[in-house]
Amino acid sequence: MAPSGSLAVPLAVLVLLLWGAPWTHGRRSNVRVITDENWRELLEGDWMIEFYAPWCPACQNLQPEWESFAEWGEDLEVNIAKVDVTEQPGLSGRFIITALPTIYHCKDGEFRRYQGPRTKKDFINFISDKEWKSIEPVSSWFGPGSVLMSSMSALFQLSMWIRTCHNYFIEDLGLPVWGSYTVFALATLFSGLLLGLCMIFVADCLCPSKRRRPQPYPYPSKKLLSESAQPLKKVEEEQEADEEDVSEEEAESKEGTNKDFPQNAIRQRSLGPSLATDKS
């Protein structure tokens with residue numbers, strides 16, 4: 001009897017562990033993990049999403065409350081999810097995550113930022129009492145599905161890719177820091193040149209420029225020459241006529257002076273002796 005009693009306790013502990021293992025596993029699965037591949041599931045239904053980072057102390061303190069809140073998800077008809085921003089940088093840019101942890105409520109594609117107390121009871125009251133209706137939803141311009149936020153997501157993914165390449169150059173290849181920066185500078189330069197050439201090619205295809213043929217020099221025709229020569233001839237004839245009139249007037253004035261000259265001289269000569277006698 002003693003051996004059977006001594007084996008009963010270990011067997012009971014083993015049964016409890018085996019029975020509790022799937023329970024704990026199912027408990028962890030209540031919180032869904034959101035990635036870049038399945039984030040569009042948030043656009044349908046009722047969701048509460050937590051954005052966190054493993055190194056964040058506030059996020060670590062929130063995890064027990066979030067896990068216990070997830071147990072009520074089925075009763076409240078709300079899906080509980082979380083996003084690790086260190087593994088999903090695109091989603092952090094898409095949702096404009098500037099502080100950690102950040103909690104969003106989503107109802108049929110309308111996103112609202114939760115800014116209340118971070119306890120299990122407050123989360124439950126927020127959903128059951130529909131307190132989210134008093135919060136203004138995020139504008140469609142800044143919604144995660146907008147073109148602007150999609151561009152922001154791509155920018156965040158590009159920055160993380162550049163950081164990964166930088167670490168690879170330094171740690172794996174052994175390049176100095178300035179060598180890694182030089183590689184990125186050259187890559188940026190060549191990519192800019194290639195993008196500029198592509199834009200010029202597309203613009204030329206969409207709006208081709210009209211090629212102008214060189215026009216021959218407009219030589220004046222004979223008619224124009226004859227018509228333009230006629231007023232010149234008239235002007236020359238008028239100038240010649242004026243010159244002739246001037247020359248005739250000058251000639252007449254000279255003749256008049258020549259005729260007066262001998263008469264004056266005769267008078268002076270005739271007056272000369274008489275003046276001499278008067279003086280004597």
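Every residue gets a Cβ built from N, Cα and C, even glycine.
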Worksheet item: Here are some residues: SER226, SER247. Which is flagged as phosphoserine in Swiss-Prot?
Response: SER247
Discussion item. Quick check on the record annotations: which of SER92, SER134, SER209, SER228 is tagged phosphoserine by Swiss-Prot?
Written reply: SER228
Practice prompt. Within 10 Å of the Cβ of CYS205 (S-palmitoyl cysteine), how many other Cβ atoms can you find? Include all protein chains, please.
Written response: 8
Worksheet item: Which one of these recorded positions, CYS56, CYS59, CYS207, has the sparsest Cβ neighbourhood, judged by other Cβ atoms within 10 angstroms?
Response: CYS207
Response to the item:
Rounded Cα distance, in Å, between CYS59 (disulfide bond) and CYS205 (S-palmitoyl cysteine) is 53
